[in-house]
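Novice: Below is a structure I'd like to ask you about.
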Amino acid sequence: FLLDVKEGLKPSPPSRDSDLAMPTADAEPGIGTEPLAPVSENQPQGERAVSVLWSFGKCLGALLPVYLAGYYGLSVSIVLFGLVIYMGWKHGRQEKVMRLKSAMYLLDNEREFTTQTVFRAKRDLPPWVSTDTPSVRVILCRILQQAWPFIGQYLEKLLVEIIAPAIRTSSIHLQTLSFTKVNIGDKALKVAGVKAHTENDKRQVMLDLYLSYAGDVEINVEIKKYFCKAGVKGVQLHGMLRVILEPLIGNIPLVGAVTMFFIRRPKLDINWTGLTNLLDIPGLNAMSDTMIMDAIASHLVLPNRLTIPLVADLHVAQLRSPLPRGVVRIHLLEAEDLTAKDTVIKGLIDGKSDPYAVLRVGTQIFTSHHVDSNLNPQWREMYEVIVHEVPGQELEVEVFDKDPDQDDFLGRVKIDLDIVKKARVVDDWFDLRDVASGSVHLRLEWLSLLSSADRLTEVIAKNQNLTSKVAEPPSAAILAVYLDQAYELPMRKGNKDPSPMVQISVQDKTKESKTCYGTTSPVWEDAFTFFIKDPHKQNIDIQVKDDDRALSLGSLKIPLARLVGVPELTMDQWFQLENSGSASRIFIKIVLRVGISHTQILKHLFCDNFMGGMVKGKSDPYVKIRVGGITFRSHTIKENLNPVWNELYEVILTQLPGQEIQFELFDKDIDQDDFLGRFKLSLRDIISARYTDTWYTLNDVKSGRVHLMLEWLPRVSDLSRLEQVQYFYFPLSNDLDLSHSWGQALGSLTLPLREVLAETDLVLDRWLNLDGALPESQILLMVILKVLQTGCLFSLCCSSFSWSNAVLSAYCLALVARSKDGADPYISFILLPDKKATTKRKTVTKKKDLSPEFNERFDFDLSVEESSQRRLDLSVKNSVSFISREKELIGKLQLDLDQIDLKTGVTQW
């Protein structure tokens with residue numbers, strides 16, 4: 001043991017590696033990678049004696065438990081158990097130190113790591129790219145680094161002058177508590193990314209800051225009465241902080257308040273010192289980290305917010321707890337192909353799993369029942385969650401295998417709730433991540449919140465009809481209770497000031513406010529939300545109590561039926577407390593919102609208020625819809641200015657920039673149809689909205705509008721539905737390109753036709769990998785290639801320097817007959833984009849020949865460089881007379897001359 005101590009005091013040899021070598025876990029966090037100072041030969045003898053005595057004392061401390069165990073005759077197992085605890089603590093602490101030092105080192109050398117692993121060297125970038133202009137993120141990091149010492153001074157004053165006295169007065173056991181050292185170190189908080197949201201509300205500024213902190217902070221606490229020392233030496237914190245500046249005002253400082261919160265729980269890692277080292281013992285470390293995160297979440301994770309008012313007369317409670325954006329109804333239906341964790345014979349035989357699911361949205365957590373021995377479980381459970389922030393909040397579903405000791409992980413999936421808001425209804429299978437296989441089937445419904453009770457009865461009746469499908473009917477509304485303040489509460493016995501808190505109950509749900517100590521006029525500024533099934537049958541029960549929960553200071557009961565009849569379903573007033581003082585009152589704001597779901601119905605199309613036609617003052621309207629090169633036409637409604645078509649159209653589209661859907665309305669007439677109006681819709685807007693149900697005003701006419709319900713349908717990942725094969729037929733002259741997008745890229749595929757030609761019977765049938773997608777993303781495709789007999793073999797060549805001697809040889813096979821005598825074919829061609837007489841040519845006509853052969857020469861005054869910018873448009877035509885009804889065009893094609901080596905020529909069908 002003495003040998004180990006001496007070795008530990010030796011200086012570390014200088015590293016020969018580069019500056020980017022990662023640090024080891026030997027050094028303590030916050031010290032950096034510098035070696036320990038060696039013991040100098042000129043060190044005073046007193047200090048050397050103290051060092052030797054300290055080493056000897058540590059030796060005795062290590063041997064003392066062994067001696068005491070033998071002295072008292074204790075079992076060796078106790079010593080071994082203590083040794084196991086110590087080794088577990090040591091291992092956990094070394095891992096924590098290594099994680100902290102690695103994160104600190106990575107943040108310090110972020111630029112070098114990023115340059116080496118991601119970005120190209122500056123010499124490879126084009127000259128117009130500037131790498132010296134700092135981004136917003138870099139500017140914020142520089143500001144924080146510059147202000148970090150002053151932030152440390154403020155934190156030290158806060159802990160020493162405010163927090164420490166408050167702790168000392170809270171308990172007689174903590175009267176000797178003091179902060180002996182407060183140092184936030186040199187490592188400043190870093191902003192890894194910044195994103196601004198301006199699409200929600202024009203009266204606010206919303207920013208998402210991706211924070212990353214791995215600091216050498218050191219805070220030591222001492223309680224002299226009990227000779228107890230504890231502290232923190234190194235902290236890691238990573239998470240996304242949302243900052244909302246609202247309301248925007250017309251006076252300085254332009255912003256009324258700053259609200260901050262984490263949308264999801266941040267990742268926290270603390271390196272303890274002193275007595276709190278015990279928290280690194282296996283078992284206690286997870287418990288302590290969870291308790292600390294719960295404390296942080298209770299103040300800074302949604303739905304909790306930190307609001308700092310900047311001006312007076314603000315409703316801080318409403319800023320701290322605004323009305324939710326909506327409600328998401330989650331149907332956890334089933335899962336399939338889960339991983340088997342309960343193996344037999346040490347894993348030689350796959351067994352089953354006992355799966356259950358954990359669903360999280362912010363601090364709202366739900367756990368399903370577990371299904372015994374089933375890899376394809378069916379839960380059929382429904383949950384409702386309140387959504388406070390979109391975009392931002394996510395639904396996280398984790399699946400576990402229920403075990404007696406520790407549950408095994410079976411996969412997870414995260415879903416952005418902003419997608420649910422836009423799509424209104426999402427019913428799909430989602431692949432589980434971080435596992436080999438497995439998927440979960442979810443149905444998600446977005447419920448908008450209405451401030452009117454007009455549809456409340458309809459919603460309640462609809463929910464009652466769902467009772468047979470779920471355990472209990474879903475909620476019809478949500479209730480928000482803003483607890484502001486109370487006035488003149490009664491005193492406690494002995495004429496002492498109470499410490500009031502409030503319990504708010506709705507049916508079987510009870511929530512508690514914070515406690516305001518030593519006052520009869522407390523100010524809570526708390527907010528609570530409840531799900532309401534039927535406002536006509538439920539009440540709000542409010543109990544004001546002392547902090548010991550034994551002494552009642554007043555009560556209040558409010559029937560929710562009173563809210564149904566008031567404007568905006570809102571009550572904002574003082575209420576007289578019952579069983580309290582004569583002047584005791586409480587100020588509460590109560591808001592009720594009805595949740596309405598957007599259940600999908602058959603898309604329909606109708607319009608009204610057209611311009612009248614000439615016959616009987618009516619019109620016979622029909623609609624033409626043009627999209628993606630396809631035209632749809634509705635049926636005609638006779639003599640109606642308010643027609644109802646009720647027609648459904650489907651078209652497969654790709655997300656092409658600038659693509660539009662055009663709607664045109666006409667009045668059906670005998671001679672020429674009259675124009676009734678038109679309008680266009682951007683495909684980009686339809687994809688981003690996912691679902692649209694609105695009226696559109698007709699352009700180029702005096703009046704009229706059209707009602708459309710448009711939906712961009714999501715992809716289907718249900719494997720059972722792959723049997724529903726889709727067939728497409730189209731001619732090919734090049735490789736097959738497949739691509740699609742549902743608001744975000746899902747992948748694409750380019751299939752060379754030579755692969756189909758190499759297959760037996762020209763049939764390709766197999767799974768193919770998608771480009772630009774996950775490695776496991778595939779598409780099952782069957783391609784059947786049929787070679788048409790009709791075609792044209794042509795040979796094209798020219799001289800080395802000009803087209804003055806261009807030669808076109810062509811041979812056509814099995815052309816389509818245009819009359820009973822066959823056809824009189826000839827070939828005309830033009831060099832695009834110019835459509836002049838100098839670029840047009842045509843061959844002689846071959847009479848009554850369906851397999852003609854042309855061998856002709858044409859002269860063009862163009863250089864090879866100029867010709868590479870042209871396209872050759874070839875058309876095989878039938879020579880017909882002016883009055884003939886026979887079709888002239890037989891077939892055509894276009895060739896990009898820049899794709900052809902004109903010097904060597906080309907011969908190809």
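Each position is counted from 1, following the chain as shown.
For all residues, glycine too, the Cβ spot is worked out from N, Cα and C.
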Novice: If you check TrEMBL, which stretch out of 50-69, 70-89 is marked transmembrane segment?
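Specialist: So the range that TrEMBL calls transmembrane segment is 70-89.
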Novice: Pick from 1-43, 818-860: which stretch is listed in TrEMBL under region 'Disordered'?
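Specialist: In TrEMBL, the region 'Disordered' feature sits at 1-43.
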Novice: For the domain 'C2' (310-430), DSSP counts of helix, strand and coil?
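Specialist: Taking each residue of the domain 'C2' (310-430) in turn, the totals are 12 helix, 62 strand, 47 coil.
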Novice: Let me know the model's mean pLDDT on the domain 'C2' (789-909).
Specialist: 72
Novice: Counting by DSSP secondary structure, give me helix, strand and coil numbers for the domain 'C2' (460-572).
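Specialist: Helix/strand/coil tally for the domain 'C2' (460-572): 13 helix, 53 strand, 47 coil.
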